[in-house]
Amino acid sequence: MDLSFALHPLLPSWTSVSMLLGFFAYLAIAGSVVPGKIVPGVILSDGTRLHYRCNGLLSLLLLVALLGIGVQMNFISATAIADTGLELLSSTLIFSFLVTLVLYVAGCRSRDQGSSLKPHVTGSLILDWWFGIQLNPHFMGIDLKFFFVRAGMMGWLLINLSILAKSVKDANLSQSMILYQIFCVLYILDYFFHEEYMTSTWDIIAEKLGFMLVFGDLVWIPFTFSIQGWWLLSNKVELTTAGVIANCIVFLMGYRVFRGANKQKHVFKKDPKAPIWGRPPKVIGGKLLASGYWGIARHCNYLGDLLVALSFSLPCGIISPVPYFYPIYLLILLIWRERRDEARCAEKYREVWAEYCKLVPWRILPYVY
């Protein structure tokens, strides 16, 4: 009986399953009908390119408005997600396993030879399931890779808003919670405002869709990025004025580097002659940008991402390592990803990459790494 009682919150419920499916249904409909800029993706190896409807910001604002109306009319509870967090987590995890199983079977059966759907089977069940088989699988006209990353970012915001509502309901709203929420809202809104930049990221153009990306988008992003909010629900932290100012500086510095680097790369891919910081870009071998942030470090966008992640945790103080799980994990992940990127780029660009590494010796943080 005690074990059953302890495990009950970890089991999916009809409420959590309904919330999850309703969320996905809304995203599928909104993604297809809400107006948005049609952005061409990068040119694939077979000469084709996918096109993306970048309407994430409008879809998100519409969803929040609809949920707000539902709360005002007592159709739904503002704390519904916070009250069923573990049940929703287990439902999403099971859904991720089921989706990747379907993707694996569909990929193995595919006979399509186009770059987006061509199966890349290694023969290892674990590797093919983990990394995926197809580059850009679709379902009913929906690009699943783009769909899942959008779902993860929106889910993160919805979890945070529900946590905020619960802290207000419990009369536990703190300065730390407000600071954390502001940073997250700004980051997520900025992400969707610049959603078209996502179409030229490594995940979209190079990573196949397997459990690694599906789990990362649907489970890891919303449920681990919000750990600080969950922690602040039961822990109160008093920040000094200097602490608040320092936290804001870390966020702004991280945001500037992260957004600036990604924007420079996106603009360069669309127009290789576009000025960088007011000067003509320096290009290695006609392929690799070595100006702006990309002339400082080869993966400088990762540095910005790490600083932003750190700013999400700093409002929690230093009394516990729990709120720092996200930036610590992200540091390990990005170093691992950077190593994989380096290996792929060395194989793809060969002597051009060697020349770029010689010109830009630092990987992420200049003079350190």
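Each residue, glycine too, has its Cβ placed from N, Cα and C.
Curation plays no part in TrEMBL annotations; they are all automatic predictions.
Cβ atoms under 8 Å from those of the transmembrane segment (20-44) belong to residues 50-56, 58-59, 62-63, 88, 91-92, 95, 114-116, 135, 140-142, 147, 150-151, 154-155, 158, 196, 199-200, 204-205, 269 of the same chain, restricted to positions at least 6 beyond its ends. As annotated by TrEMBL, transmembrane segment applies to 20-44 (among others).
Marked as transmembrane segment by TrEMBL: 56-82 (among others).
TrEMBL lists 88-106 (among others) with the feature transmembrane segment.
The transmembrane segment annotation in TrEMBL covers 147-165 (among others).
The feature transmembrane segment is assigned by TrEMBL to 177-193 (among others).
Residues or ranges marked as transmembrane segment by TrEMBL: 213-233 (among others).
Cβ atoms under 8 Å from those of the transmembrane segment (239-258) belong to residues 175-176, 179, 183, 186-187, 190, 293, 300-301, 303-311, 314-315, 317 of the same chain, restricted to positions at least 6 beyond its ends. TrEMBL lists 239-258 (among others) with the feature transmembrane segment.
For 308-336 (among others), the entry in TrEMBL reads transmembrane segment.
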Stretch among 56-82, 88-106, 147-165, 177-193 sharing the most Cβ pairs under 8 Å with the transmembrane segment (213-233): 147-165
Cβ-Cβ under 8 Å with the transmembrane segment (147-165): same-chain residues at least 6 beyond its ends: 23-24, 27-28, 31, 56, 59-60, 63-64, 67, 78-82, 85, 173, 177, 181, 184-185, 188, 191-192, 195, 198, 203, 209, 213-214, 216-218, 220-223, 225-226, 229-230, 232-233
